[in-house]
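Have a look at the structure below before the remarks.
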Amino acid sequence: MSETLENLYSETRTFPPPAELAANANVTAEAYREAEEDRLGFWAQQALRLSWAKPWEQVLDWSNAPFAKWFVGGELNIAYNCVDRHVEAGHGDKVAIHWEGEPGDTRAITYADLLTSVSQAANTLTELGVTAGDRVAIYLPMIPEAAVAMLACARIGALHSVVFGGFSVDALATRIQDADAKLVITADGGYRRGKPSALKPTVDEAVAQCPSIEHVLVVRRTGEDIAWGEKDLWWHETVEQASDKHEARAFDSEHPLFILYTSGTTGKPKGILHTTGGFLTQVSYTHHAVFDLKPESDVYWCTADIGWVTGHSYIVYGPLSNGATQVMYEGTPDTPHRGRFWEIVDKYKVSILYTAPTLIRTMMKWGDDIPAKYDLSSLRILGSVGEPINPEAWMWYREHVGHDNAPIVDTWWQTETGAMMISPLPGVTASKPGSAMTPLPGVSADVVNDEAESVPDGGGGFLVLREPWPSMLRGIWGDEQRFKDTYWSRFGKGAGAGDEWVYFAGDGAKRDEDGALWLLGRVDDVMLVSGHNISTTEVESALVSHPSVAEAAVVGATDPTTGQAIVAFTIPRGNVDTSGDAGEQLIQDLRNHVAKKLGPIAKPRQIMLVAELPKTRSGKIMRRLLKDVAENRSLGDVTTLQDSAVMDLISSGMQAGKSED
Ligand code: 6R9
């Protein structure tokens, strides 16, 4: 990418917060002013929302940059903050988790229940020889034991490394080996798409390659037959029989909390390391501020999987530290029917919903009539995370889910940032559809050119973070050099330019005429067409703005005339006729539609109509694989792909219909 990224799309709609919400918001515009005047003082104030066993002496130690220390000298226990203190405050009977299994079985878990289970699990882990600093791999479905296991590790100072249930033997084994984990916590299986889906056989195969594993702790979920080895222990025969008395001892603010592997687009997965005090401070504050959480009345639901950072920060640590009541759902959105999500919102009167653009676009594809069948009036705030949300998907979310008045918070952040960084505040910000708007109080994000200079309003470039933040990653497990190279060597001091350390997020972005930020996707995906740097996001959003399109993925394929040419893979909405001539006509209409919205430079060379797109388990489109298809190469690494059959379908379609002009 050369100096800047083209800014092709312009958006004029804005939606101010509803007056009543603004009047009662947890956080007002004052927070931006306070943080602006005294950033460290602001974060120290937020840290006081937690319960510390020993106060800190220094808010930030940045002398060993890019390795940060936050709340230096302070001590706290994370599980105590997420569980015990709510029980001590008299909220033991309050529901922490309304769990909904895919087959329709349910459990209501109070904070007192959670304290019992976490204490029992902490005692069991200790009996199994797990001590502070040890690593524990967690490979579980979306069942309450996943949260219990994470909190039990945190309680005794062991690091958890959660691996998506559904990752392959190899993916699990390499993560166990890299972290040198002692224990795996898993289940016989979970329910997905209406049937039991086994997990234990994958663990058995992985553990056979991992001599570091001493024990495998197995939750019984499906009751299916499984093989049983000498390292295996049932959860119900150990944890559920253990003493429920466990004293939570305090750990240093910089004590490691967890490792979470992120694959990025290429290469060996990186074990992103997070620590205790700063992480909890920022997840807790952002959950309170961005969702305006009122713990006494709100019902919160984050649809993420626990194996994604969103599940760590915004199912476990953020909501529980704030004493929230939340919904946790085991299964898929279309089991047993496509209204399942809305049925759950209606049933539990969910008031805050946090989901991903991929789900919103899927719901768009399935049709407006489905959410219309349910009472969604309890919803008062809607969140989005994981990818840029196309303006049209944003509008659909607002109209069909948020009854035209619930504010949408589009939250930009990463596994590496640990917590939200750029997002509207629901009681303050007048939001634009598709924009994450502005950095949160205490966060300094910028859009820069190659020389790390801020681009003017209306310009595009690289998204960077100029100041350290409490929940920032503390490194890559076992690889200091890779940490510096990946995030700190592109701009600023680490690049030999100036005195300031500048974090490069790997994303492209633009700042519009009003100073609002628009995320434009990974810079690796930027297309270079006849000398113009065009973001995949803008072309995808232009396609999704056509009434016949639900979802689109765009890649730059090598082209003899233009360097790269735009190739689009497009999912039509449910009711659209794509057979024969109608399909050909639609493709021409779409090409013209993009040219009209963004200018002729962005007109796709080729458009494929497809039924599905390749996605990761967290719902991100894997453009790299589509590029392989568009350039007629054999497919690269597919280990993080959610459904491998999708690629066969797309490749065969690509061979059949090469429509260009
Ligand atoms: C939380 C999470 C991080 C990458 C990030 C960016 C993309 C996440 C986004 C977004 C635009 C948003 N991303 N949220 N892009 N708007 N609101 O997703 O973490 O899985 O590590 O992914 O996801 O590209 O760099 P992670």
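A Cβ is built for glycine as well, from the same backbone N, Cα and C atoms used for every other residue.
Unlike curated entries, TrEMBL annotations are predicted automatically.
Source: prediction; values computed, not measured.
Same-site candidate for ATP binding, as annotated by TrEMBL with Gly386, Glu387, Pro388, Asp410, Thr411, Trp412, Trp413, Gln414, Thr415, Arg522, chosen from Asp368, Asp369, Asp499, Asp507: Asp507. Comparing Gly194 (CoA binding site) with Val544 (Mg(2+) binding site), their Cα atoms are 30 Å apart once rounded. Nearest in space to Arg522 (ATP binding site), taking C-alpha to C-alpha distance over the binding-site residues Arg192, Lys195, Ser530, is Ser530. Put plainly, the binding-site residues Lys195, His546 were compared by Cβ crowding within 10 Å, and the winner is His546. Averaged across the domain 'Acetyl-coenzyme A synthetase N-terminal' (29-82), pLDDT for the predicted model comes to 98. Val544 (Mg(2+) binding site) falls within a helix when secondary structure is assigned with DSSP.
Pro388 are the binding-site residues among Pro388, Ser530, Val549 whose C-beta comes within less than 6 Å of an atom of ligand 1, given in sequence order. Residue counts of the domain 'Acetyl-coenzyme A synthetase N-terminal' (29-82) by helix, strand and coil are 22 helix, 11 strand, 21 coil (DSSP-based). Among the binding-site residues Arg193, Lys195, Thr310, the ones whose Cα sits within 10 Å of the Cα of Thr415 (ATP binding site) are Thr310, in sequence order. Just so you know, the Cβ of Lys620 (N6-acetyllysine) picks up 20 other Cβ atoms within 10 Å once every protein chain is counted.
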